[in-house]
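Just below is one structure, and these are the notes that go with it.
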There are 2 protein chains.
Amino acid sequence: MRFDVTILGSSSATPIYNRNPTAQALNINERFYLIDCGEGTQQQMLRYDIKSSRIDYIFISHLHGDHYLGLVGLLSSLNLNGRKKPITLFGPAHLKDIIQMHFEYSETTIQFDLEFRATDPSKSEIILDNQDITVETILLDHRIACTGFLFRQKRRLRKIIKERVEELQVPVEYYAVLKRGVDYFATNGQVYPNNELTTAAEEPRAYAYCSDTLYNESYFEQIAGVNLLYHEATFAHDMLDRANETHHTTALQAGEIAKITGAKKLLIGHFSARYKTLTDLLDEARSVFPETELAIEGKTFVIES
Amino acid sequence: MRFDVTILGSSSATPIYNRNPTAQALNINERFYLIDCGEGTQQQMLRYDIKSSRIDYIFISHLHGDHYLGLVGLLSSLNLNGRKKPITLFGPAHLKDIIQMHFEYSETTIQFDLEFRATDPSKSEIILDNQDITVETILLDHRIACTGFLFRQKRRLRKIIKERVEELQVPVEYYAVLKRGVDYFATNGQVYPNNELTTAAEEPRAYAYCSDTLYNESYFEQIAGVNLLYHEATFAHDMLDRANETHHTTALQAGEIAKITGAKKLLIGHFSARYKTLTDLLDEARSVFPETELAIEGKTFVIES
């Protein structure tokens, strides 16, 4: 099952030349999940050939402009382009007021169903559960209410070994229970262990999105062992005071979080505009967690087992 | 005196690859005036090296997203970058509510003086009068309240011919009246006509910004004879019905307006996303008004005498 994330924006607060505010497009089994939607996200989708018409879900972490100011424009464009499919939008309660005000003053009537579900910044909970994944909120520690999002694939059924079941002439009605791991009891009384007739489905993978936040251990347990951890790393560690003051994380801390929580891989982003180049931030995170990559715009990262 | 306009965005409604929603930066005597501020305007300013810190005035024509959704992001970035200089913002009354709501929910306190002046869509009036220019609203005919803006340079004082006044030993105290066109009465009784001692200042130039609007003669008289007319030309003339329905202008109509109002030059923009290339629109406008150019992003057009 396809599970990857394309970076659409990686700058914090103010954009700089070649770095846009935060947005990410997750492709999970050919459905698109947009995480945050900074100003210019719809232009970035055009640039990197992510079809905005394919987005089914949008998740907004918090109401700082660099995480949501592209949302009204994106929804307007989808509407103008004739969208009919519904969109489910998750975000802080006040986001609804903001969207309504824009549409009221521009006299816009959205022609598709925009289902808004307010996130609760007081408790972590599963906010989405569909055939492919569950999504949980992660309670982050920012200056204003902010939640991250944890995407967990569901465990899929075991796969039938076609040649083997045909050879044994297993009736088709048995396939559903075989996929669930049950052994096969043949009419002649012989028992075939399930693992002779099926192979295990791939291990479910998980992607955690943690931005924006102060280093805070409260969410470490929840994200333990994820396959890919996206963590903000706004500053280098020599700016720790500034990071604490503004409720952000340093690249070194992001590396430590990945190490402590046992992430398989780390992706850092949300870079301050003060960094023209990013290699120092990468080196810093890698000094404690070698499996680190930079959230470079336009790049797609596969969430691997 | 410098008087030019740099195009930051030229798309209508939805952006397309390489065309951003509407924004223009006017440089008048080294002060910046921003007209409209579609999503991504701050990124466009970075791209085309227009220093946002130099903006003193912002004009928003109307509350369709493609004309103002970049404003909150721009103001936030100016604030984060430590701006202290005031900004005067002109736009529809509800724009103030929108900005306030964003800043309230993001818990942002702007550290510079943002003076908001609501435009009145019921009458054309001078909304700005400083040492260099006056700015008048133009009443346009759109689906929601919308004003264009007419920038008129002020007539400057005549220029002293230095060699001549030194030769005649004209006392310095006379210079101010000479600049106003008064003849020089020398102490020996001789009268020197003013035009022997001064040269005329350049003719004041005017720039009219008309977007978005239906073809409507009501504003033609007001913009008569401008040096550069920016007029929206959302559609080609074969889409006239669609233009009328959505209250937009065709490229042919834009050319006719320039011809009828006696503009020196015409700049067309606000192109529908349906046009991948723009030469047909240009040819159409030029068929009635040869002095037409396309509002290509990143290009600077001098408002010439």
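We count from 1, first residue shown onward.
Including glycine, each Cβ sits where the backbone N, Cα and C put it.
The annotation Zn(2+) 1 binding site is assigned in TrEMBL to A:His62, A:His64, A:His142, A:Asp212. Counting only residues at least six positions away in the same chain, the Cβ atoms of A:Ala13, A:His142, A:Ile144, A:Asp212 sit under 8 Å from the Cβ of A:His64 (Zn(2+) 1 binding site).
In the three-state DSSP scheme, A:His67 (Zn(2+) 2 binding site) falls into the helix class. The annotation Zn(2+) 2 binding site is assigned in TrEMBL to A:Asp66, A:His67, A:Asp212, A:His270.
Positions annotated as active site, proton acceptor by TrEMBL: A:Asp66.
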Cβ-centroid neighbourhood (8 Å) of the Zn(2+) 1 site, A:His62, A:His64, A:His142, A:Asp212 excluded: A:Ser61, A:Leu63, A:His67, A:Leu140, A:Arg143, A:Ile144, A:Cys146, A:Ser211, A:Thr213, A:His247
Proximity to chain B among binding-site residues A:His64, A:His67, A:His142, A:Asp212, A:His270, where any Cβ pair is under 8 Å: A:His64
Tertiary neighbours of A:His62 (Zn(2+) 1 binding site) (same chain, Cβ under 8 Å, six or more apart): A:Tyr68, A:Pro92, A:His142, A:Ile144, A:Ala145, A:Cys146, A:Thr147, A:Asp212
Near-site residues: Zn(2+) 2, ref A:Asp66, A:His67, A:Asp212, A:His270, CB cutoff 8 A to centroid: A:Ser12, A:Ala13, A:Pro21, A:Thr22, A:Asp36, A:Gly38, A:Ser61, A:His62, A:His64, A:Ser211, A:Glu232
Three-state secondary structure, A:Asp212 (Zn(2+) 1 binding site) (per DSSP): coil
